[in-house]
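Lifted from TrEMBL, the feature list:
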- Asp446, Asp455: Mg(2+) binding site (BINDING)
- 29-40: compositional bias 'Basic and acidic residues' (COMPBIAS)
- 87-96: compositional bias 'Basic residues' (COMPBIAS)
- 133-148: compositional bias 'Basic and acidic residues' (COMPBIAS)
- 434-784: domain 'RNB' (DOMAIN)
- 1-148: region 'Disordered' (REGION)
- Asp454: site 'Important for catalytic activity' (SITE)
Amino acid sequence: MADTSNYLHTDQKIHQATCADDQGMKPGMLEKHATAESHKAAVPRKVPSKQQQERSEQDIKGSTSLVGSEECDAQQLSGSCGEEKAKKKSKKRRSKRNVEKKDMGASCGPEVDAIVAGKSPNKNVKAPQAPKESLHQKDKDKPTKDCRGSRKLLFEEYMFTEDVSAGLKRGELIQGALRINPKKYKDAFVPSPDGSADIFLDGIAARNRALNGDVVVVKVLPPEQWKAVNGDINERTPSSQNAPKAPDVIVEAHYNEEDEVVSKMKNASLHDKAPIITQSVKHANACFTSGSSSERAMQRTGKVVFIVEKKHSRAASGFLKFLPNKNFAMFSPVDHRVPRVNVPLADCPADFISRPGDYENTLFICRITQWSADNNFAEGRLAKTLGQAGEIEPETEGILTEYDVDFSEFSKEVLNCLPQDLPWSIPDHALSKRRDLRNECIFTIDPATARDLDDALSCKQLSDGNFEVGVHIADVSYFVEEGNALDEIAGQRATSVYLVQKVIPMLPRLLCEELCSLNPLTDRLTFSVIWKLSPEGKILSEWFGRTVICSCIKLSYDHAQSMIEAPNKHFSAEEVPTCSPDHSIHEIQEAVLNLHNIAKQLRAQRFESGALRLDQLKLSFTLDKESSMPQGCYIYQYRDSNKLVEEFMLLANMAVAHQIYRTYPELALLRRHPPPQSKMVDDLQEFCDQMGLDVDFSSSGALHRSLNESFGDDEYTAARKEVLTNMCSRPMQMAVYFCSGALKDEKFFRHYALNVPLYTHFTSPIRRYADVIVHRLLAASIDCGPRLNRSGEEVHKQSSHCNDRKTASKRVQELSSELFFGVFVKECGPLDSEAMVMGVLDQSFDVLVLRYGVQKRIYCNSLEGLKAVNFRKVGKRPEMTLFWETGDPSKESIQQEISIFTLLNVQLKADRVPMKYSAVLKRPSALV
């Protein structure tokens, strides 16, 4: 479980977490560890000079770990040499204890044995079924009885498969996904099966050659090697060994354009990079306590003993370094969590040996082939030369490759599955089996640039005053036959990937942009949900079926918003896109307005019933049509037209979820959202109380009401709400797909944010493979399609793969946005903006840059003219005083106070590192 101080730290990225309920355990089983905090004032610490920092960095670079890029972040590398020595001594002592206690293991409780035996309450967790590459480790990775005469082992050999299985059954070992902190790559974590605090893996050796995201088996170390923690959510130092709950694992919990409303979890590494100071290490996760509350809680530590599944792609982008008198070159990944790799010189460019300097700024893709236990470096092969670092396309290709996104062209075998006679028209036999809605007023509402239009709406008023409302979704399953090559590749890709400048489609463009896309004035096959609704949104009747439609107009969100904002205006043909002659613009506007009014009712009812929405800012770009370079950027506005579409997509998804689960209770592919982690919620509640914030975490609805109350009545109210929303997002877990047969207790089916018992994805089959399976289940449930040719186990396996790919897709999307914003700052910067403090550490603080909606960390040792820093705690509330030089030695330093919600002026500047930028605090106006 995360260091709960991460509520205050905001380098957002995607979040993965383990749900206590998913394991049949009640959240909050651990005893609450309360500590009484008095005012803590630290002596002002002098900010090191640039020369001191550079010397410190050079010293540490000479002795830093061989894992990670050679050119590590300077601020991360700058540190106290005394503390480094102390760490080394401590590690030696721990190593000695390891030898004495190496056969000891901490029992993880009976729940682990139940999981291994397949008796978990959710029926979803089984004994590890490792892939062949993991179960049959190479001979050199097997344990040896005698290592004399061989190279010294730097990593422990992996355990045998049978020993791993036995250890899991006995509760001596724990299985989970490895998460490595992206900003402190020596820190890694594995979730505890019972939903309590994570197991901490201290250092490179402890994670034993596993990479980020891998499913590993961990042995818990003896209690004397556990980490002392307390319940203070902000008390931490850069040397703190805790980290956010899955800051770096690629798993989403967010809302898409029409997705369910779950908090958008981005990667937040909360470890300060500033110089390390010597003080006691305190963690936020009260984990295991006994006796009185005055006793210090402990976080378990562990080490990897087996890799069950190599989820990481083993590919990375980075740079080559020439090594004299070696037959290999050194590959240094951009991602510090990936080890440096020895690659054969034969893989390098022909003139690399004679002119290595020509390639200093060239990005390469390297794939790790093996990493032996006696080598700090992995071995690998160069896969591709990407191009110059700092250019959008090479950087983008590197991102796609690292996250294993298939952006290759579709094979001939796949394309042969598509209709070959073009232009294609709907055959008569398909029409005869469908409800014909081509004469109805049906239209799409999408982003202006959208090409894959997979949902349409209709609304007509009935004679009794009620409304017939329809949601019409592209019938992708008609074109994607189960089991063929097209279906296989769609299942592997699992999702379309949306970059700033382009889309990597799940399906061939002939389908996603033409035959399946609900383009205007064209007959298209659809799957529809049609309701009879009262004006208040009450469902009076419901119908599911395959249909054929002809969209009368393609509206953008802007068009629909204009109609909503000017209900009495008569729009001319020039103000809207091309419209069908069979339906007037007035008729379409009336339908939009009626849908808007019903959507408002539905939305109000949802939130009254306890739904939660955690809105977070989204940065969008305007691109040059020829170069695709960013010309401008803006914060995307979520308006009534977006809410209109969202409400009816949610309604359709919920209706379909009930239909397929009612018919196939063991086979339905559903989507659940576990409740937030109780310990993190408790800590955040305590923090909010001390901050004087009236936030109710008792339920999703209560939290939503709290966040929508006014936090002031000035122009910065929205900013304060955004900061608080970010804090409240931290304990949230991800929403995931699952097969209903894998979880026998329906209470685990619930969707926390929506506060509904059943939910699924039905409305986006062009871009989500999970929706394709749901379409097939729905068709079978109403006798208009064959029964799904998959077992429950196969559905569950596919749903897990969809989770992985959806997460990777979101991470790639975020990295693409960061890439383009970095280019924008470089081309148009420096950029000035107001910013609001979101979190305070001892030598840095995080801010929300209000003009652009981005979150950045500001390091005190990077501020010109800063003389000293005083960090202190008032209960759980962190505060900082900055002491600025005045230029006149006779005058006292100018003081600047920093705390949560403090308003500052910052400047965004491009870094020397390509595509990167920093936020710099502007000096107080009194000094300017």
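Every residue gets a Cβ built from N, Cα and C, even glycine.
Shown are the recorded positions Asp446, Asp454; of these, the residue with the fewest other Cβ atoms within 10 Å is Asp446. Averaged across the domain 'RNB' (434-784), pLDDT for the predicted model comes to 94. The local packing around Asp455 (Mg(2+) binding site), expressed as other Cβ atoms within 10 Å of its Cβ over all shown chains, amounts to 24. A Cα-Cα distance of 9 Å separates Asp446 (Mg(2+) binding site) from Asp454 (site 'Important for catalytic activity').
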